[in-house]
Amino acid sequence: MFQISELANYRLCKRCSGRIFAYHYHGISNLERGEYLQFAIGCETGNPDFSFVDSKNCDICHGIFDRFDDIYDLVAKKVGDAQYSTFLVGSVFPQDTIRMEEDIQKKFGSSGESIKKEFNREFGKYFSARTGKEYSQDNPDLTILVNAEYLFVDVKIRSIYIYGKYRKFRRDMPQTRWIHRPNGDTVESVIGSVFTRYAGGTNYYLHGSGREDVDVRMLGNGREFVLEVENPRYREFELDPVVKEINTSGKGVEIFDVKFSSHDAVSEVKLEKHRKVYDALVVSDRPIDESRLLEACINLTGKNIYQRTPLRVAQRRSDLVRTRRIDQVDLVGVSANEAEILISAEAGTYIKELVNGDGGRTRPSLSEMYGSPLNVKELDVIKICRGED
């Protein structure tokens, strides 16, 4: 059984001594608890002048709780004029300090709390009092990480997320930026660069509900996306001017139904799988037999097809055979060696390969049913069949 007076053998301040018994005598602070312990030790040892060491000489905290003003100034300098409403505090202490505290607490019954927990709580109270911002563990706008040993701070500003839908009117534009193609417009850059400027952010990422090929236009009711802007200085701003600037830029992208969203929307958008309707301009190396093509379209309607990963994407996709349903294939018209066809198909269907057969990797294909090679000359997505559309 330990005696309280044994605490006098350690170089501890009042706060760190009180924290050893944090789960006793509720309703008081660790500093107040340390005051009681100091008095009790003085009585137990017959030394009324006994006192714990000053915090700056404490072997556990080294006076970190007296440096809140300095830490605040470091945080304020890093945050600058960035907007935020909620914040969270985290901290890093030397492992030697953590182990020493744990050993002492074990000796006295292991009923204390860690210095990290108290620091995070107390600096959080201090920071909230100075800024008027709310301490929150639930998705905070600002996360503060304090290195107590070196008095270094790092801050992380939570990204903002903007939901919307886009149309793409060009046949030379990928959806997202490529590492091997850093220059040139993309849907991501056309949208993201403008939003990032308005938000005062440092980078951006477009998360789309699927993607169309570079040479495929996205028309009709548009494709859903969530744009993530990293390290925004401004969390709230008018969206209409941003939308107008993007839509009048002449870069071939139009956005609509735009609103602020959350990180959860990223996974929601990416997980959604919707049937799509395509307008395909199909070409043959000889004049097209309209009646044969019409029969092929009718025969392909309602069929399940089997698609092995296309050769054009095999280097970056798993080599699998996928089953896809073709809901409707309608022949719109024929002109010489070209034909316009409307195709409604399950999400994930490779439409170009549905038409050309990809050397037998897609079966049945329109070419197979027509009895002669066909290829897609131009392709547009004209509708994504979402529930609300």
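From the backbone N, Cα and C atoms, a Cβ is placed for every residue, glycine too.
From a predicted model like this one, the values you see are computed outputs, not experimental measurements.
Annotated active site, nucleophile per Swiss-Prot: ASP213, in sequence order, evidence recorded as sequence analysis. Per Swiss-Prot, the feature substrate binding site maps to TYR278, TYR350; the stated evidence is sequence analysis.
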Number of other Cβ atoms within 10 Å of the Cβ of TYR278 (substrate binding site) across all protein chains: 23
Residue among the recorded positions ASP213, TYR350 whose Cβ has the most other Cβ atoms within 10 Å: TYR350
Inter-residue Cα distance where the pair is ASP213 (active site, nucleophile) and TYR278 (substrate binding site), in Å: 13
Separation of alpha carbons, TYR350 (substrate binding site) and the residue listed as 'active site, nucleophile' (Å): 10
For TYR350 (substrate binding site): DSSP state (helix, strand, coil): coil
